[in-house]
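The block underneath contains the structure these notes are about, expressed in structure tokens.
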Amino acid sequence: MKLTVVKIGGNVIDNPAFCEQFLKDFSDIPAPKILVHGGGKIATQVAEKLGIETVMVEGRRITNKAMLDVVTMVYGGLVNKSLVARMQQFGDNAIGLTGADGGVILSKKRPVKTIDYGFVGDIEKINSSFIASLLAQDIVPVFAPLTYDKEGNMLNTNADTQAQAIAVAMTEDYEVNLVYCFEKKGVLSDPEDDDAVIAVLKPADYEHYKAEGAINKGMIPKLDNAFKALTDGVAQVTICHAKEVKLAVKDGIAGTKLVGA
Ligand SMILES: Nc1ncnc2c1ncn2[C@@H]1O[C@H](COP(=O)(O)OP(=O)(O)O)[C@@H](O)[C@H]1O
Ligand SMILES: CC(=O)N[C@@H](CCC(=O)OP(=O)(O)O)C(=O)O
């Protein structure tokens, strides 16, 4: 059976009209389906209002106790529950989850090497049968980028990584289609030109664009996750504009399609 996993980034969630249109389009995608959301931009804004400084290293948020409280409130509360309510309006019977709920995504606090990321979790295990049981009831799971460990901590986990890990875990029972949605038309060969979309991206091309600097910043961890999903058994991986989610799911012709070597 086919399963669609869609990840939606913080720049889309932060724009109410854009986000609402995305959720409307998402509601037209046939079940079974899963939504994974980010919200990094909103966490940064809320932290600033509270006088808490944001520090990012290689696209990952340094998460001290004060920042953990912010991301738990923002991702697990505000963003997750607002999405769920809007999805209910559009007819998707959504259920909002952090990785701690139902013990669904167990992780391990990232060990301190040169950098102490604080309360950041690296995923160890996903309870795919719990997720499958929700899907079997026609429920749409909506995951916040939060996981938990065996020591009783909530942990902050990058949403792109979480989407990849969920998609891979679900390949046990489903043919999985993973779509990363964001605010650009796809992976661009020239980051200054919004229309320079790379239609099909191979690992060798990725290395080339990365080396010349055309692919940089947040796109690097996103593509590392996207290629890992493909290597680990996800049938189709696309990176596209949130406005094109239906096209990407239907026939994979939107944005950038990833292919193996
Ligand atoms: N070649 C590229 N094509 C598209 N976006 C790129 C590229 N290189 C860097 N980026 C940047 O990567 C960002 C996406 O990564 P990120 O901010 O982590 O997204 P999200 O919050 O959706 O996960 C884009 O907003 C863009 O600024
Ligand atoms: C550990 C870590 O960095 N977690 C991310 C989780 C949110 C996220 O990934 O949001 P976007 O998809 O909108 O970027 C963060 O706190 O920014």
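Backbone N, Cα and C atoms are what each Cβ position is placed from, and that goes for glycine too.
Of the residues proposed, N156, N177, N216, N225, the one TrEMBL records at the same substrate site as G39, G40, R61 is N156. For the substrate site listed in the record, the two most distant Cα atoms among G39, G40, R61, N156 lie 12 Å apart. The average pLDDT computed over the domain 'Aspartate/glutamate/uridylate kinase' (2-240) stands at 97. Other residues of the same chain near the substrate site, with their Cβ within 8 Å of the Cβ centroid of G39, G40, R61, N156, are G10, G38, A43, T44, T63, V71, V74, Y75, P145, N158, A159. Taking each of the recorded positions K7, R61, K222 in turn and counting other Cβ atoms within 10 Å of its Cβ gives the largest count for K7.
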